[in-house]
Amino acid sequence: MTPPGRLYLPLLLGLLLAPPPPGAQGLPGAEFPPSAARNAQQRLQKHFGHSTLKPAAHLVGDPSAQDSLRWRANTDRAFLRHGFSLSNNSLLVPSSGLYFVYSQVVFSGEGCSPKAVPTPLYLAHEVQLFSSQYSFHVPLLSAQKSVCPGPQGPWVRSVYQGAVFLLTQGDQLSTHTDGIAHLLLSPSSVFFGAFAL
């Protein structure tokens, strides 16, 4: 999403550089050659015309899936736009280019085991790339957390990851999560997506 400040500056420049209507008086000393005004308008049209058509996807975790993290679109503010598709729980990249890829999961639990030597609980979340260039899933983003031994009462741990990658048309983005039983599945806490830059 474009920050609001980035929208106002090009709009203001376009208004300032636009030629005045016939017969209108401009500010003294603020005349620009007609070619400069035309170039500014063309740049604005190019910027705003293409920015709305960039591929974007935002998926949320499916709370009905108990034994795996399944992604869903077209619900709870989730969407697939301008070429992205979801197939076999993977995002299919519609065109080659730079993409910001991101994901978040939130884990929760009632507490650690009260045993003298509690069993460690490891939580992990990874975004993977499957491409025609590789014969296996390549980790793009990876994070781990260890909870036990630790809190005696309820606990919550969140993992957010995001970075820019050069992706190729047809690449598949998927996730792998350890600690599925501890996922706190809600649209605002468990999500996965990508958008073209």
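Cβ coordinates are placed from backbone N, Cα and C, and glycine is handled just like the others.
According to Swiss-Prot, the feature disulfide bond maps to CYS112-CYS148. Taken residue by residue with DSSP, CYS112 (disulfide bond) is part of neither helix nor strand, so it is coil.
Taken from Swiss-Prot, the feature domain 'THD' applies to 55-197. Summarised by DSSP class, the composition of the domain 'THD' (55-197) is 3 helix, 75 strand, 65 coil.
Sequence annotations record features per position, and here Swiss-Prot assigns N-linked glycosylation site to ASN88.
Taken from Swiss-Prot, the feature signal peptide covers 1-26.
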Pairwise Cα distance for CYS148 (disulfide bond)/ASN88 (N-linked glycosylation site) [Å, integer]: 33
Pairwise CA distance, ASN88 (N-linked glycosylation site) versus CYS112 (disulfide bond), rounded so that it is a whole Å: 34
Cβ packing number for CYS148 (disulfide bond), 10 Å threshold: 16
Candidate with sparsest Cβ neighbourhood (10 Å radius) among ASN88, CYS112, the listed recorded positions: ASN88
